[in-house]
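Scroll down for the structure; my scribbles are underneath it.
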Amino acid sequence: MSVPDENQVTRETNQTSESENSKNIKDQNGDHVAPSTPQKRTMLKQCAQHILWFIKDQWFLITMLFLILIASQAQVPPQDQALKQTVINYLCVAIIFFINGCTIPTKILCDNLSRWKVHIFVQTQSYLLTSAISFGVASATAVNKTFMDADLLVGVIVLGCLPTAIAFNVVMTRKANGNAPLALSQTTISNLLGPFLSPALIQMYTSVDTWYTAHLPSISSYAEIYRRVFKSLGLSVFLPLAVGQILQTLFPKACNKVFVQYKLNKIGSLALLILIWQTYDEAFASHAFSTLPASNIVCIVFFAIALFLLWFVVALVTAKLWLRVPTDAIAVAFVVPTKTPAVGLPLTQVLFGELQPAQLARLRVQTVVFQAVQVACCSLLTLWLRRWGAGERGEEEEEEV
């Protein structure tokens, strides 16, 4: 074996010392000098990796904002709005529930449907708690008659009385590693109760003798509400869910391979984005925002954020204290504060169809704005809920992108 050259060893030692000293170089004042160029490149690379990770994780939120921007600039012609709304509401919701039926085992779904105490706990918050808080906010705001438009205040009340989101909360629960079957069962029950509870609650709150409800027409019959809502639920929710459950029972391996391994369950997220786009397309086409002062729009956004966060915190804390299971608490936290425009917009048409089109458009603004707020808040909260749930279970965080 050859002996290393003494000069070579000396050079290597000097290079090592210079490398170590360069990391701790100080100027004449004793302050550390900025890192070298390779270190800067490493920091920039790490920053770029974090940005790319955020874009990949929050692609749903970013895409939603892009679609809202498109809807604000170009809308479907007015004569095609009704057809667009019917096709998208039925088809996209059906796709989401068909995928849920194909990916959730029947036994797990039935086990969650049999938890009647949880149903009472969740639905009480989803209807009574949210509607009472919304009515309180509207009443407090109405003290100043010149501060906000009357139709906007009625819209705040209507928002709190709506059933939970038909498909969105299941998607977000799955993304946050929560109990998706529980979210699905609560969504189904909530939208079954919606045609009965929502009109009754809206009538109860709007029948109070106040200046901002004096112009509302009287509600005489609920027959049209039941017909439209149950037709929509039957064709877009229950039938696709049943077909998906049958396929999942007969071909479990094939369903798992197609929707889980090949990740075709992401089609449900794309269908949900189309639903959100059509809601904003209709709102911009009806000029719902252009007739409102800027102060009212800012206030509507603030109300939407405040109401969602309040409902979310109450739902998460109470679910954690009572259910004591992190995955269940995550599901409840997404079910209670989310509201569905798929039921809310037709419901306002049936209840207040005698109003002028401009009044009806303003009445729906709060529900439309809340749609974007709940998507943004839920998408960002999944980052924290994944870590919180994993910490409660004592596991490493599992990220679903």
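From the backbone N, Cα and C atoms, a Cβ is placed for every residue, glycine too.
Quick look at what TrEMBL annotates:
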type	residues	note
COMPBIAS	1-19	compositional bias 'Polar residues'
REGION	1-38	region 'Disordered'
COMPBIAS	20-30	compositional bias 'Basic and acidic residues'
TRANSMEM	59-76	transmembrane segment
TRANSMEM	88-108	transmembrane segment
TRANSMEM	120-140	transmembrane segment
TRANSMEM	152-171	transmembrane segment
TRANSMEM	192-212	transmembrane segment
TRANSMEM	232-251	transmembrane segment
TRANSMEM	263-280	transmembrane segment
TRANSMEM	292-317	transmembrane segment
TRANSMEM	329-348	transmembrane segment
TRANSMEM	368-385	transmembrane segment
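Counting Cβ pairs closer than 8 Å to the transmembrane segment (59-76), the top stretch among 88-108, 152-171, 292-317, 329-348, 368-385 is 368-385. By the Cβ criterion (distance under 8 Å, sequence gap of 6 or more), the transmembrane segment (263-280) is counted as touching the transmembrane segment (152-171), at least 3 such pairs being found. Remote same-chain residues near the transmembrane segment (368-385) are listed as 57-58, 60-61, 64, 68, 159, 165, 168-169, 172, 175-178, 276, 279-280, 283, 288, 300-301, 304-305, 307-309, 312, 330, 333-334, 337-339, 341 (criterion: CB distance under 8 Å, separation of at least six residues from the stretch ends).
Across the candidate stretches 192-212, 232-251, 329-348, the maximum count of CB pairs under 8 A to the transmembrane segment (88-108) is reached by 232-251.
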